[in-house]
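Swiss-Prot annotations:
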type     : residues : note
TOPO_DOM : 1-23     : topological domain 'Cytoplasmic'
TRANSMEM : 24-45    : transmembrane segment
TOPO_DOM : 46-532   : topological domain 'Extracellular'
REGION   : 102-532  : region 'Disordered'
DOMAIN   : 108-163  : domain 'Collagen-like 1'
COMPBIAS : 129-145  : compositional bias 'Low complexity'
COMPBIAS : 157-172  : compositional bias 'Low complexity'
COMPBIAS : 174-184  : compositional bias 'Pro residues'
COMPBIAS : 241-250  : compositional bias 'Pro residues'
DOMAIN   : 242-297  : domain 'Collagen-like 3'
COMPBIAS : 314-326  : compositional bias 'Pro residues'
COMPBIAS : 342-354  : compositional bias 'Basic and acidic residues'
COMPBIAS : 380-393  : compositional bias 'Basic and acidic residues'
COMPBIAS : 403-414  : compositional bias 'Pro residues'
DOMAIN   : 404-452  : domain 'Collagen-like 5'
COMPBIAS : 427-441  : compositional bias 'Basic and acidic residues'
DOMAIN   : 455-514  : domain 'Collagen-like 6'
COMPBIAS : 478-495  : compositional bias 'Basic and acidic residues'
Amino acid sequence: MGAGERAAGGGGTQDPGAGCGARALGALCLLLSVGSATACLLLGAQAAALHGRVAALEQERELLRRAGPSGALAAWAETHLERLLREKLDGVAKLRTVREAPSECICPPGPPGRRGKPGRRGDPGPPGQSGRDGYPGPLGLDGKPGLPGPKGEKGAPGDFGPRGAQGQDGAAGPPGPPGPPGARGPPGDTGKDGPRGAQGPEGPRGESGQDGEMGPMGPPGPKGEPGTPGKKGDDGIPSQPGLPGPPGPKGEPGDVGPQGETGVDGAPGLKGEPGHPGTDGAIGPRGPPGLKGEQGDTVVIDYDGRILDALKGPPGPQGAPGPPGIPGAKGELGLPGAPGIDGEKGPKGPKGDPGEPGPAGPKGETGEMGLSGLPGADGPKGEKGESASDHLQESLAQIIVEPGPPGPPGPPGPMGLQGIQGPKGLDGAKGEKGASGERGPHGLPGPVGPPGLIGLPGTKGEKGRPGEPGLDGFPGPRGEKGDRSERGEKGERGVPGRKGVKGQKGEPGPPGLDQPCPVGPDGLPVPGCWHK
């Protein structure tokens, strides 16, 4: 009882890996057995087919051997026997018969007769059986390559081939003559503010310009919620413009606050995503040739490859500020507007009477940036530039200038057009109310001061950062067709290609001759050697 249980327990705890191995071995043996049986069946079928073909050939040969004497051979022998008998009978009729002589006279035999004439040509025999095909002869020798054939006629033009690979850029040609001056281009974009220059000498006070036209007054914006008065904070560092928040709900009307100071110009908005490129337009008809232009200026100004600088005109003078209007209610923060076009310079007014010398005026503000000079020579290659974020912060710091003092209040302007409602800005800290100052009397213009001394030359500034790529210029007029260039030199011979892959075995040739003729030095059979 215990032994049986132990045996059962031992059988139950068999290794599963050994069971899998045994099953795999059994499956392999079964596959080998099936493969062997299949191979035996195929070999047996092929052997039976070969045996049947051999038996059929032997039976056919036996039938031919048995039917030979009684059939074709008997007919052939019968015709020959009939021909021989007919010739013999004809010959017997033409021979002289032996004279009958008595038996007592024994004459010697006469001389032998002359040889008879050849007999007539016999009738053609029956056609024999068709012989079997001969065994294939040996392969013939390769013939020598033939002479090149005559040049063929000119073929029809073929289809356009595929576009070739782009060739290498040719050497730069000599500079062409200066072209005629182009038409005045559109006003360029407002450039970035350059670095602040050194303090120049105090210039003479200019004459007051005419009052500008009164600008249209905008509609009063919605009033925001009154903010909690906070302490006046220190001036913060100008940071990058944040993303505009979603437009909030309209607030309740608040109390009318005191007049605020002029706000700082908003930072420029982020660059929008590029639009989808438009489809290529159809090529228009070619216009008539234009009239010959006048002779252009032969002075060549090198703009260092910057075609936009060549098309840009000098910056116009700054227009006179208009009178300030009545302050309206504080509106919501609007979107940053596009930079406006510089106004035209107003006409110079009549010269006034010389006034009495007045007291020395306060130190004047920094003058406007002068016209851009001619481009200087290329400097040495600078070091690696800083990241774009630092450049953006620096450019924003240059754009955001300190606010000037508030101007005197002007007459109310007419109602302006409805502006685009911008996103609601964050509530700013409410500043303390300043004391209203008294308006002082206007001072008399002082005399023109003597010109200052020429300042010392400043140190050479560092090379500026590379500017952003300019806009594409307007396409110029189409040039005349150039002269045909000379034929280029013959290119070098290409590198020989790799050995090709061995071709497939050729098909068996036609049945050869029993004994091929010898071949001469030219690869052709020797003359006089021929076969039936």
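Even glycines carry a Cβ here, placed using N, Cα and C.
What you are looking at is a predicted structure, and each value in this text was computed from that prediction instead of being measured.
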**Prompt:** With DSSP, how much of the domain 'Collagen-like 1' (108-163) is helix, how much strand and how much coil, in residues?
**Reply:** 0 helix, 0 strand, 56 coil
**Asked** Where DSSP helix means H, G or I and strand means E or B, what are the helix, strand and coil counts for the compositional bias 'Basic and acidic residues' (478-495)?
**Response** 0 helix, 0 strand, 18 coil
**Asked** So which residues does the compositional bias 'Basic and acidic residues' (478-495) touch in its own chain, when a touch means Cβ under 8 Å and the partner is 6 or more beyond its ends?
**Response** none
**Item:** Helix, strand and coil totals (DSSP H, G, I; E, B; other) for the compositional bias 'Pro residues' (174-184)
**Value:** 0 helix, 0 strand, 11 coil
